[in-house]
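Annotated domain 'Rhodanese' per TrEMBL: 15-132, 187-299, in sequence order.
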Amino acid sequence: ETTVVSAEWLKANIGRPDVVVLDCSWYLPAMERDPRAEHEAKRVPGARFFDVDGVSDPSSPLPHMLPDAGAFAAACDAVGVANGDQVVVYDGAGLFSAARGWWMFKVFGHDAVALLDGGMRAWEKLDGATVETKPPAVPIAAATDACARWYDDASKPSSTPSSSFRATLRPELVLRRDDVLARCVGAAATETLVDARPKPRWAGEAPEPRAGIRSGRVPGSACVPFFDVLDADDRTFKSRDEIRDVFSAAGADVTGAKKVVASCGTGVTACVLSLGAAIARGDGTPLPVYDGSWTEWGA
């Protein structure tokens, strides 16, 4: 499975030894939720916590930037993910930060990753599904701590930290600022940048939630708020055709010849568009993501 799975699918397959469930919950400060405390209290049975904010590059001044492949591999080892596993990611918001987890696995060459459509909400609504409330078998900080240790070890002379999980970066799925400037801006632009932020922020009519970041958008970008590709009630993805129409209405054809790149505030909800496009395309191929997104561009 390479895009999304239903709660029904997960219930039928959760007992398979190769199915590994990861809680990738992360929330904006304004949401006033503690993902670690929520995971401690209850989770999909057997789920391990994979912090998409903590499994990141500590040297970057930007939040939750993509880590080195070796650090990602170390984090996977820490939560028991192997290259042959079917990974299922979810979050407690329905569909928000788990898409970042999905994209990270894709970026590092692990295609057998799917998002639980509707997240923890969908799981709890499913007849016969249970939640686990005993202490987690894998420490909540395991992935984050392993990532931090990898960077600490890698900084030491003659150190060559290694992992069982094999992660190989797919550079075509990650854009930096210079890439966006060269490929998505100006009359010679060859790619379309779609911005997942709400339209008032994209239009420069509403302030950014992070201090020191100006309002506005990358020149020439299109606005595709991430919630437009989701069902408003249950936070599951809309149909393949509906998602394609949402992109098309903004001037971005995710099934056409011109490449489309996703952006947002800090590289999280852009991944919802990346996954939405993979569904619309029908082949599981993600959109590349501008990792620094508006927090970098608007600084």
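Glycine too: its Cβ is placed from the backbone N, Cα and C atoms.
With helix defined as DSSP H, G or I and strand as E or B, the domain 'Rhodanese' (15-132) counts 37 helix, 18 strand, 63 coil. Residues of the domain 'Rhodanese' (187-299) grouped by DSSP class, helix first, strand second and coil last, total 35 helix, 16 strand, 62 coil. The domain 'Rhodanese' (187-299) scores a mean pLDDT of 95 in the predicted structure.
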